[in-house]
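**Student:** I have a structure here, written as structure tokens, and I will follow up with some questions on it.
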Amino acid sequence: MRTLGDLNYKNFVAGIASGLLAITGPPVIILEAASKGNFTMNQTILWMFSVYVFGGLYSILIPLYYRMPIVGAHSITGVAFLATVTTQFTYHQLIGSYIFAGLLMLMIGCLGVFSKLLEYVPKQIISVMLAGMITKYMVTFATSIHQLPLVGGVSLVAFLIFSKWNKRIPPMVAAIMTGFTLLLITQPLNSGALVSSFIFPTPQYPVFNPLSFLSVSIPLALLILSNDAAVGIGALEQNHYRPPVNRIIALSGIFSIITSFFGGQSANVAGMMTAICSDEEAGPQKKRYMGAVVSGVIILLFGLFAWKLVPWIQALPSAFVSILVGFALIGVFGNSLSVGFSKPTMKLSAAFTFVIAVSNITIFNISAPVWALVMGTVIARYVETDL
């Protein structure tokens, strides 16, 4: 069988690294967002199940069809954004907004306007909006390391060591694995909190709300397109692939719509994970797609055991969870600041966007990220007229 014959050590290792990147940091951000929205245990487990199962299926089926390392997962930046808005809408209104976000991506893919859309809303504005949204996580990250100095400090050292000397294992994965090991040695978890039973996935009904479309659907779709799709497609092109851009976007929309009906926000092409599996370190170019498949299997299995994993993660100390979230987002935060303030002629628009996003204000029931995008884009286009 040709598919199994294409599996080799290099693409297998790349697939494991990619899969670990998906299942180490992002789950705690999902739990953070679910906790802020007062989701039930069943709703939280269903969210975790849907984004990982359908993300894993995307990462298995699409690479096998196109013979390209197109990794699928859910959007970590999307979840970080949702943690700022889950308090403003009901669970079923959020599901409706996820469906709209998927429909937007499907429409953009079918119409072939992906590049034009990203040209109109400057990438610097989207990036600095994201940086503003997750600034509070970075502040909590620092204070949590102070609360757990041994676990946090050693994990930070591991992160820095792997950032400098080991490019094959993502620093985030090394830091989180180190942190988990030290935590289990120094603070054993309460076994009573780990009892759980299987929850059968059931479709959830959506409630469609124009405000949630403005406050959730549009920013979520833009974050997925700019921080996941653009990065993943760019990595494929950089490594001499010719990815079917519009189909990748449309398929991300279709998978995200299906995921939405089971409580998840998206299942889409993954940026950094696609970059790992498409890199020359992942072996011969024509066989790298198997790395994406390996990654998909890991992601899928994680989702299937969400009913067991969610209570286990919830039993972790809150300070440690904040450390995990920090490591999961520190790379995104740094990159977003770098891109957001990279253009000297857009300093004013970037500054306004950042401040509004950090403020987390809500005006007319429309969330801060939307106002940040609108204000930043208007200033960039009509005040700083270098676009």
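Every residue, even glycine, has its Cβ placed from backbone N, Cα and C.
From TrEMBL, for reference:
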- 12-33: transmembrane segment (TRANSMEM)
- 45-66: transmembrane segment (TRANSMEM)
- 72-91: transmembrane segment (TRANSMEM)
- 98-118: transmembrane segment (TRANSMEM)
- 138-162: transmembrane segment (TRANSMEM)
- 174-200: transmembrane segment (TRANSMEM)
- 212-236: transmembrane segment (TRANSMEM)
- 248-269: transmembrane segment (TRANSMEM)
- 289-307: transmembrane segment (TRANSMEM)
- 319-338: transmembrane segment (TRANSMEM)
- 350-374: transmembrane segment (TRANSMEM)
**Student:** Under 8 Å, at least three CB pairs between the transmembrane segment (350-374) and the transmembrane segment (12-33) (pairs 6 or more apart)?
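**Tutor:** Judged by the Cβ rule, the two regions do not touch, with the required three close pairs absent.
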**Student:** Tell me whether the transmembrane segment (319-338) sits in contact with the transmembrane segment (45-66), defined here as at least 3 Cβ pairs under 8 Å among residues 6 or more apart in sequence.
**Tutor:** no
**Student:** Kindly say whether the transmembrane segment (248-269) and the transmembrane segment (138-162) touch, using the definition of 3 or more Cβ pairs under 8 Å where each pair is 6 or more positions apart.
**Tutor:** no
**Student:** Suppose I define contact as three or more CB-CB distances under 8 A, residues 6 or more apart in sequence; do the transmembrane segment (212-236) and the transmembrane segment (12-33) meet it?
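**Tutor:** No, the transmembrane segment (212-236) and the transmembrane segment (12-33) are not in contact.
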**Student:** Where among 45-66, 72-91, 98-118 do we find the most Cβ pairs under 8 Å to the transmembrane segment (289-307)?
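**Tutor:** Most contacts with the transmembrane segment (289-307): 45-66.
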**Student:** Could you give the residue numbers and ranges of same-chain residues that sit at least 6 residues beyond the transmembrane segment (72-91) on either side and whose C-beta is under 8 angstroms from one of its C-beta atoms?
**Tutor:** 22, 25-26, 29-30, 32-34, 36-37, 39, 43, 51-52, 55-60, 62, 97, 130, 133-134, 137, 204, 207, 209, 211-212, 215-216, 219-220, 223-224, 227-228, 252, 255, 259, 263-270, 273, 292, 296, 299, 328-329, 332, 360, 362, 365, 367-369
